[in-house]
Amino acid sequence: MEFLLAAFGMPIFAAMAVIIERHLSNRTFKHPTTMVFYVSISNALFLPLLLFLGTPTMPSPEVWGCYLILAAIYIGYLYPYYLAMKVIDPSIVAALFALGQVSVPLLSYFWLGDKLDFAQYVGFAVIILSSVALSIKGRKIPKLNRAFYYMVLASLLVAFAEVLKKYTLIEDLSWINLAIFPGAISGMIPLAFLLVKPWRKDIVRNFPPYLKKCRLFVVNEFICFLGMVCGVYALFGLSPVTLISVNATQPIFMLAFAYLLLKKFGVPLMEKISPQVILKKMFYFILIILGVMLVIFE
């Protein structure tokens, strides 16, 4: 039960972060590379807090290779993700993450030997179809725009990373290692951006705006840090398919937070939350919840 509770912390914190990151990516930095640089550096600042939860051990050379790949994915998926954030609504960004999750059961089966029963496959299919349906506006299937391809790439990278993380947990048996080492490496990778002249100029030019919104960055990255810790700890006791299924509830929490910000604080968001849209989303949210129940109650 503790792993399942931790798993639900992942979509809750991720929903908060997406709303903040939409604000930062659209109103602070125009170039995604600059956003990736400052986000990654800020996120690494919280890693020492993990030392209060456990002591890292020395991984094997094979596991070090996995950590390097994970660190590269942590940086690599952010670029198409932030590009998509500039084009489409945050809740749709979250829904389109489901597109790449289709590969998780296949990767888990062939790589980890994980098998699901029929009800779990049905539940997972319901989650994927409902999540994709959230991104369809009107009665016609929209044309495949650039945001679609950005999110397919980002979601495929994230899906592969989840299965790879489970593999490293099996090999290394330390969720503290998995939380610390890839995060530390991914915090150093963006320093290489300074070697590219156009990127360096944009990063330096945007340092004053970063300082101006430093508090918002710190809050956002602390939220991302909490979501990461919840996800890694939950994966220690759950399968990648179960974790991905629980994470599919992210649009539900996102709509709730968006509505709260709008009604209580008057914060303008690009979320379209008219009564008709709310009814549509609630219908698919119910299906997602039913799908999650089929997956987690094995």
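Every residue gets a Cβ built from N, Cα and C, even glycine.
It should be emphasised that the depicted structure is a prediction, and the values quoted were computed from it without experimental measurement.
Record features, source TrEMBL:
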- 4-134: domain 'EamA' (DOMAIN)
- 6-24: transmembrane segment (TRANSMEM)
- 36-55: transmembrane segment (TRANSMEM)
- 61-80: transmembrane segment (TRANSMEM)
- 92-112: transmembrane segment (TRANSMEM)
- 118-136: transmembrane segment (TRANSMEM)
- 148-164: transmembrane segment (TRANSMEM)
- 176-196: transmembrane segment (TRANSMEM)
- 217-236: transmembrane segment (TRANSMEM)
- 242-262: transmembrane segment (TRANSMEM)
- 282-297: transmembrane segment (TRANSMEM)
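Here the transmembrane segment (176-196) lies next to the transmembrane segment (217-236) in space: the count of CB pairs under 8 Å, restricted to residues six or more apart, reaches at least 3. When the domain 'EamA' (4-134) is classified with DSSP, helix, strand and coil residues number 104 helix, 0 strand, 27 coil. The stretch in closest packing with the transmembrane segment (242-262), judged by the count of Cβ pairs under 8 Å and taken from 6-24, 61-80, 118-136, 148-164, is 6-24.
Within the same chain, residues 32-33, 35-36, 39-40, 149-151, 153-154, 157-158, 160-161, 164-165, 167-168, 171-172, 177-178, 181-183, 185-186, 189-190 sit at least 6 positions outside the transmembrane segment (61-80) and bring their C-beta atoms closer than 8 Å to a C-beta of that stretch.
Mean pLDDT across the domain 'EamA' (4-134) comes to 84 in this model.
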